[in-house]
Amino acid sequence: MEMFDNIKNVGKLIRLERIFDKKSEKTVIIPMDHGVSSGPLDGIKDMRITTNAVADGGANAVLGHKGLVRHGHRGYGRDIGLIIHMSAGTSISPDPNKKVIVTTVEDAMRMGADAVSLHVNVGAESDFEMYRDLGLISETCEHWGMPLIAMMYPRGPKIKDEKDPEVVAHAARLGAELGADIIKTNYTGDPDTFKEVVKGCPAPIVIAGGPKTNTDEEFLQMVKDAMHAGGKGVASGRNVFQHKDVKGITSAICKIVHEDVEVEEALKEIKI
């Protein structure tokens with residue numbers, strides 16, 4: 001894939017091909033790591049049901065913590081990529097923005113992961129610890145040929161707007177410079193400003209799905225705009241796993257990301 005021409009590690013390239021579509025060179029990832037931060041939310045109480053639904057809808061990968069994989073994160077259905085999330089923190093912690101490392105790259109490999117991910121809150125009081133973790137783990141990933149996704153979120157006492165183009169661009173660039181192969185970050189809300197974020201980041205950017213939107217059309221239009229601005233995919237959790245038609249909304253996202261269909265056409269995939 002052209003966007004990964006700078007990566008010479010064969011192991012990384014093989015794994016990246018499992019989570020990125022070879023034709024579109026984009027990805028649709030469904031994060032389901034929310035159980036650690038927020039508890040057993042609706043939609044992920046039984047991860048196997050949701051994993052099967054998003055796999056049937058065409059998603060490229062699911063993302064979750066190691067425990068769910070060991071307990072069985074899927075039941076039947078088509079193959080789907082697996083991303084192991086290495087960071088943890090809870091909403092009931094004295095410092096919800098602090099994320100700590102709870103597994104290893106080697107453990108993720110033993111579970112058959114196609115990539116690992118880390119969460120970094122840029123601007124948090126403990127952000128320097130997360131930067132150190134990202135930098136060190138990127139070296140381990142390079143050694144083992146494991147793709148690394150950095151979730152780079154502007155979040156902390158000095159962050160007034162988490163979608164501010166300047167802070168989003170800074171967060172994305174920071175993740176790339178510390179060794180991430182793929183950056184997940186906020187969409188700025190505007191294609192023109194997001195283009196500048198993409199220009200300033202040497203690693204491909206996948207947008208976060210964000211909080212649950214009011215309408216499917218609003219959400220899908222955001223995905224459409226981000227792809228046209230240079231985004232290389234979407235990683236959306238709640239807007240997918242809490243949808244009434246999980247398979248349908250996943251298929252709608254895939255239609256936009258991989259086939260560049262219009263929002264009106266993609267909405268036809270949703271049956272409920």
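Cβ atoms here come from the backbone N, Cα and C positions, even for glycine.
Record features, source Swiss-Prot:
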ACT_SITE  ASP33  active site, proton acceptor
ACT_SITE  TYR153  active site, proton donor
ACT_SITE  LYS184  active site, schiff-base intermediate with substrate
BINDING   ASP33, HIS34, GLY35, VAL36, SER37, TYR153, PRO154, ARG155, GLY209, GLY210, GLY237, ARG238  1-deoxy-D-threo-hexo-2,5-diulose 6-phosphate binding site
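Within the set ASP33, HIS34, GLY35, VAL36, SER37, TYR153, PRO154, ARG155, GLY209, GLY210, GLY237, ARG238 that the record links to 1-deoxy-D-threo-hexo-2,5-diulose 6-phosphate, no two Cα atoms are more than 22 Å apart, and one pair reaches that distance. Annotation: GLY209 carries the greatest number of neighbouring Cβ atoms among the binding-site residues GLY35, GLY209 [cut-off 10 Å, Cβ to Cβ]. Packing around LYS184 (active site, schiff-base intermediate with substrate) is summarised by its Cβ count: 26 other Cβ atoms lie within 10 angstroms of its Cβ, all protein chains included. Separation of the C-alpha atoms of PRO154 (1-deoxy-D-threo-hexo-2,5-diulose 6-phosphate binding site) and LYS184 (active site, schiff-base intermediate with substrate): 11 Å, rounded to the nearest whole number. LYS184 (active site, schiff-base intermediate with substrate) sits 13 Å from GLY237 (1-deoxy-D-threo-hexo-2,5-diulose 6-phosphate binding site), taking the C-alpha atoms as the reference points.
Candidate recorded positions: TYR153, GLY209, GLY237. Nearest to the residue listed as 'active site, proton acceptor' by Cα distance: GLY237.
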